[in-house]
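*Asks:* Below you'll find the structure I mean.
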Amino acid sequence: MHPAHLLVLLAVCVSLLGASDIPPLPLNLAQFGFMIRCANGGSRSPLDYTDYGCYCGKGGRGTPVDDLDRCCQVHDECYGEAEKRLGCSPFVTLYSWKCYGKAPSCNTKTDCQRFVCNCDAKAAECFARSPYQKKNWNINTKARCK
């Protein structure tokens, strides 16, 4: 092997060893997004929910601003239960599901997959039945979420 190739290979191996401390990406967010589209019939993008109220998106605290934000609070709590009761990692748990009309249906094998899929399905259905109020998107969470 050419010395330059060996040096590159060594650099890649060292980089990969260092990358083992990097937390995994939230792989199931894409699945959750498709589930949201299933439940709402594609009427609203899943991205519309990322910075909504006090709970939709990263983190969450305070009192939910409306029913839709409450859906996100319940979803956060459901993920917390998956971690606490079953030792699941909800953000990286992939599962199998199908869309029947506007109803997501979980079809999974393990307890973690089933629990996380049900968290997502219930949240997606809750999003679909709760009004979206633009005034609650991208709010000042420091001021409103106490």
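Yeah, the Cβs are placed from backbone N, Cα and C, and that goes for glycine too.
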*Asks:* Swiss-Prot has Y55, G57, G59 down as binding Ca(2+); which of D67, D76, D111 does it also list for that site?
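*Replies:* That Ca(2+) site, as Swiss-Prot gives it, pairs Y55, G57, G59 with D76.
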*Asks:* In Swiss-Prot's disulfide listing, C117 is paired with one of C106, C112, C126. Which one?
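*Replies:* Of the candidates C106, C112, C126, the one Swiss-Prot pairs with C117 is C106.
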*Asks:* Among C72, C78, C88, C99, which cysteine is annotated in Swiss-Prot as forming a disulphide with C38?
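*Replies:* Record-based pairing for C38: C99.
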*Asks:* Return the single candidate from C112, C119, C126 listed in Swiss-Prot as disulfide-linked to C71.
*Replies:* C126
*Asks:* Quick one: of Y55, G57, C72, D76, C126, which recorded positions lie within 10 angstroms of C145 (disulfide bond), measuring between C-alpha atoms? Sequence order, please.
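*Replies:* Passing the 10 Å Cα cut: Y55.
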*Asks:* Where the distance is taken from Cα to Cα, which of the recorded positions Y55, C56, C72, C99 turns out closest to D120 (active site)?
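*Replies:* Going through Y55, C56, C72, C99 one by one, the closest to D120 (active site) is C72.
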*Asks:* On the three-state reduction of DSSP, what should I expect for C38 (disulfide bond)?
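*Replies:* In the DSSP reduction, C38 (disulfide bond) maps to helix.
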*Asks:* Name, in the order they occur in the sequence, the residues of the same chain whose CB lies under 8 A from the CB of H75 (active site) and which sit 6 or more residues away.
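*Replies:* Long-range Cβ contacts: Y55, C119, D120, K122, A123, C126.
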*Asks:* List the residues in the vicinity of the Ca(2+) site, defined as same-chain residues other than Y55, G57, G59, D76 with C-beta within 8 angstroms of the site's C-beta centre.
*Replies:* C54, C56, K58, G60, R61, C72, Q73
